[in-house]
Amino acid sequence: MSLQMVSAVGNSSLVQPGFSLLNFDGHVFFFGQKGWPKRSCPTGVFLLDIKQNELKMKPATFSKDSCYLPPLRYPALCTLRGNAESDEYQYIIHGGKTPNNDLSDKIYIMSLVSKSSKKTTFQCVEKDLGGDVPEARYGHTINIVHSRGKSVSVIFGGRSYTPLAQRTTEKWNSVVDCLPSVFLVDFEFGCCTSYILPELQDGLSFHVSVARNDTIYILGGHSLQNNTRSPSLYKLKVDLPLGSPAVTCTVLPGGISVSSAIVTQTGDTEFVLVGGYQSDNQKRLVCNTIVLEDNKIEIVERVSPEWPSDIKHCRMWFGCNMGKGSVLLGIPGANKQSISDANYFYILRCKGVEEDKEEELTAQICSQTSTEDPGDSTPFEDSEEFCFSAEANSFDVDDTDTYNEDDEEDESETGYWITCSTSCNIDINTWVPFYSTELNKPAMILCSSGAGHWVHAQCMDLSESMLLRLSEANVKYFCNEHVDLNKGLQTPKKVVHLKKQPMKPLRKKATMKLTSPSKKSFLRRLFE
């Protein structure tokens, strides 16, 4: 095992406890930053590019048919393969905390669409589930098991907020252990089933789970109710016959009392357990090798790296599995530099020396500069690339682009980077302000159809004057797709006919019959 320090110079506050790392074909991506994503990277997913002892964060993008994915911390992640022989796989993301400290109950499937030297594109799809859907939670685990040619995912543990009916003013945001239920999720049919097993008495969070074939092993974890870290080792076995699934649990000896530990896989059947806490105030500096073979598990202590004094004496540490037998560890750097919320990072490689050299050689070959003309490459701006250098003194702290969470605007889950209609032409990668009132996001207007939904004013062909008039008039607006439907549903207004006064009958004109003498006298007087 080897430990390499990576000193964070700027923007290290983006990486906070609870972040996740995704490994696609040896490329590591960071997910779950503190605060809503920066406008330069609305997805909140960054490529961790490690070259010549430097770690740079380059923003990734999502395809246009992707759903909105908030930056979640403490979610449950695992890989999902099409079949055992396939090299292509996806990541399942479930639960976690949003930057507003709301908890998510959604499940996302994230896959790599394309990757080049300039740009990485992902696709994210939200899965609709029915049945016993797990409540919103964080600090839990999810694994894939295979049995009789079928596969399901297994969700267990975690914490959730106290139900609304049980909250008080003083304990409004208090959290509790989730019930010790085991959830089986079938992604093919989109259904969930929960199981209560007598062997699982307490809800556990921040535990460790490793899976092989049809079996999951759960060790460690913290229980809020008892304020203990479980020393038990649980073995969950899932059988998937033609009928209903069968889930059994067995309590085994040889567990480890630890929480928030990190597991990385170093071989087909070998895993390494690193970090965590054995009590509230004591880190666990011992490492273990976990071997899964056939129907048994073996946990043995292994030689730990030479932990530096910074790690030994710090109060807390955090990290995540980078894949390929490597772990990214972080510790607070408040005692080492003027930026109080900055962190220091280490990369722990758990494989043998020969394997490490082979991987380093492969990484050097893969990371060599491309043969394309460097003039054709588009350089990243300061806001798009964050640099972590091993030489902490090579940068002036005042010149770094320090991240400030207060600078970020809050963004609802509807998001501004949505496909508002079938004819939506807003592309997050090429969008430029269209109205004079726009700054960092396209103007939107609420369609009042049904429960209401947001649409881009530009896609609705609204002029700026019309947009301003609608926003000031406080009237209902219907988008292009619902305006005709709304007209059809409207009841025609009654036409009020004005009552006309009846015309009075004309009086008969009085006629005077003139006799000849009278007529002559009348005419004489008329012309006199």
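Every residue, even glycine, has its Cβ placed from backbone N, Cα and C.
Automated prediction, rather than curation, is the source of TrEMBL annotations.
Per TrEMBL, the feature domain 'Recombination activating protein 2 PHD' maps to 415-492. Taken from TrEMBL, the feature Zn(2+) binding site applies to Cys420, Cys424, Cys447, His453, His456, Cys459, Cys479, His482.
Taking a C-beta cut-off of under 8 Å and a sequence gap of six or more, His482 (Zn(2+) binding site) has these contacts in its own chain: Cys447, Ser449.
For Cys459 (Zn(2+) binding site), applying a Cβ distance below 8 Å and a minimum sequence separation of six or more within one chain yields Cys420, Ser421, Ser423, Cys424, Asn425, Ile426.
Other than Cys420, Cys424, Cys447, His453, His456, Cys459, Cys479, His482, the residues of this chain whose Cβ falls within 8 Å of the Cβ centroid of the Zn(2+) site are, in sequence order, Ser421, Ile445, Trp454, Val455, Met460, Asn480, Glu481. Confidence over the domain 'Recombination activating protein 2 PHD' (415-492), given as mean pLDDT on the 0 to 100 scale, stands at 76. Neighbours of Cys420 (Zn(2+) binding site), defined as other CB atoms within 10 A of its CB across all chains, total 25. The binding-site residues in question are Cys424, Cys447, Cys479, and the one with the fewest Cβ neighbours inside 10 Å is Cys424.
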